[in-house]
Each structure stands twice: as structure tokens, then as C-alpha cells.
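> Sharing a structure, written as C-alpha cells. Questions coming.
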């Protein structure tokens, strides 16, 4: 089973602060994006990786890949869209494989084992996601900051990436979502809107999405811990 990977990497990362986009920040000596890429490049089931970057960043990203020895025929750099949803849809046009994984550029700690588990799960129904059970109590809050509801925590999972799909299904979901005006916070939401069951594969809390400066502090600790284990 061979799969393609779409990595939307056009985000500005405003919550991180500073002038450097978060996917290009240094993490233990390498940019976050490079660390993310390596996991997929080293997986035997990955045939193609499509990076969707901001307009005008194509040469910068190509140079970055060369500097860190990850230039490969497997990696295609394309221009993303205004929003993440647009970027993923544009990038899907470059995927030739029957199966596709969509992954956040700023989740560098996904593991090969998690990728394999997703690819196994997606065969059964055409859609599978990584997620972890929430540990905190979650409140639904009104615009006036009044608690409106407390959902049953036992049924709540925090969703991660990668998310895996039959490629034709995800393309159809994006096209239907655009036609209906659905603004999705992840790709699974578009597939769910079609009535398709999405299988959940249990992930790991260390598969962080690096969004804030505090996340980078934790990421440095995880990175150093892994380096120590592998050394």
C-alpha cells in the first residue's frame, strides 16, 4: 500500500509571536518542518509528499530542503491557498496515490508506528484519524463567557494529525464542502459532512501541534529526551 502526504505549510503562526513562521523555527538544530518531513520520508509506504507553502516562499523552501539534505523526487513544493482548507485542496491535485495522509507541518513528533496504524485503519472504511482522549473537563461557553454546557468527557477525543483518507473521497469531500460553504477546522469534518464514518486510532499526547511559545519549550524537552534515548 502506497500513500501520498499533503502538508499544508503556508501558515503564519501569529500565536507563536516573532517574525519567523512556526514551521521554520529551530527545534534542536533543525527547522520544525524538516523534522516533520523526515518521519514521512523514512516510511516505506510513503510515495509522495506535497508541501503547500505561501506564495513567494517556493525558492526559500527548496533551498531549505537542500540545506538539510531532504531534497527528493518524493517531495513536491506547491503554492497553497488563502486558508488551510484551500491549501489542502490545491495540494491534493498533486497526489497520484489512492490513499493520502494530511498532516500539520508543525507536528514533528508523529511516529512511523502511528502512520502505519492509520494506513491499516483507513483500508476498512476510507477515513481514519489520530486522536487522544481528553484529560480535562471541557465546557461549552457562550460569547458572554457563561458556561452553556458540559459535555460528557468520556466521549470526547482531541484530534491530531495525520488524518488518512481514500484520496478520491477527500477530493469529493473538499468539493462538496466548498459548494455548501462549510468552513472546516480539519479534513475529517468535511468527510463527516458526507455521512462517511471516520475511524479513530489512538494517538499519543507527545504528538504536539506547536502553536505557542510554551509548546516550543515542551517540544525542546521531547526532542532532547528522544535524542538521549536514541543515543
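Glycine is treated like the rest: Cβ placed from N, Cα and C.
Worth saying up front: this structure is predicted, and the values here are computed from it rather than measured.
Quick paste from TrEMBL:
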type: SITE; residues: 15; note: site 'Transition state stabilizer'
type: SITE; residues: 22; note: site 'Transition state stabilizer'
type: SITE; residues: 153; note: site 'Positions MEP for the nucleophilic attack'
type: SITE; residues: 209; note: site 'Positions MEP for the nucleophilic attack'
> What's the CA-CA gap between residue 209 (site 'Positions MEP for the nucleophilic attack') and residue 22 (site 'Transition state stabilizer') in angstrom, rounded?
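Cα-Cα, rounded: 10 Å.
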> Using a 10 Å radius around each Cβ and counting other Cβ atoms from all shown chains, which of the recorded sites 22, 153, 209 yields the largest count?
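When each Cβ's neighbours within 10 Å are tallied, 22 leads.
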> From the Cα of residue 22 (site 'Transition state stabilizer') across to the Cα of residue 153 (site 'Positions MEP for the nucleophilic attack'), what is the distance in angstrom?
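Cα-Cα, rounded: 31 Å.
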> Can you tell me the three-state DSSP label for residue 209 (site 'Positions MEP for the nucleophilic attack')?
coil
> Please classify the secondary structure at residue 22 (site 'Transition state stabilizer') using three-state DSSP.
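DSSP call for residue 22 (site 'Transition state stabilizer'): helix.
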